[in-house]
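Quick look at what TrEMBL annotates:
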| type | residues | note |
| --- | --- | --- |
| COMPBIAS | 1-15 | compositional bias 'Gly residues' |
| REGION | 1-24 | region 'Disordered' |
| DOMAIN | 24-158 | domain 'Ribosomal RNA methyltransferase SPB1-like C-terminal' |
| COILED | 115-152 | coiled coil |
Amino acid sequence: MKQARGSGGASGGASGEAEDDNIQVVPVESTSKKARILDAEGLSLGCEIATSKKKARDLVDYSFHRFASSDEPWEVPEWFLDDERKHRKRPMPVTKEMVEEYKQKWKEINARPIKRVAEAKARKKRRMLKKMEQAKKKAEAVVNTADISEREKMAQLK
């Protein structure tokens, strides 16, 4: 997306070439839903917005305050500005119980094994069972032979 600064927009000829210097390329932000992963606080806030129109309206009303759009530069030290940025924001109106509930849900989701990991473990278990069956068959064959001594049977089993 390109944005032109300056006067007019549809000027012709040589002045159009001069305006190319004023064109600013603005990167487009991705609004992909996959890229947005909310934390427990965001999920609980989204739950409140989705379940109650009144809470959604109150949240919008709550977001307007005297420091909401303070963009003018101040003649103050940088540490003061950092402190103001930290303490200027109002806390989110969500309960600790809801946040803990969503944190617990995330822990449960993360604790579940991924499908591929589970499949790999099952393959490994199948291979081990197959090797054990082969070893049992060999051991039975060695034990069932009558023409060799016990000492030789033990050596073959090892």
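Heads up, the Cβ atoms here are built off N, Cα and C, so glycines get one too.
Nobody curates TrEMBL annotations by hand; they come from automatic prediction.
Across all of the domain 'Ribosomal RNA methyltransferase SPB1-like C-terminal' (24-158), the predicted model scores a mean pLDDT of 81.
Listed by sequence, the residues of this chain that lie at least six past the ends of the coiled coil (115-152) yet keep a Cβ under 8 A from its Cβ atoms amount to none. Sorting the domain 'Ribosomal RNA methyltransferase SPB1-like C-terminal' (24-158) by DSSP state (H, G, I as helix; E, B as strand; all else coil) yields 88 helix, 2 strand, 45 coil.
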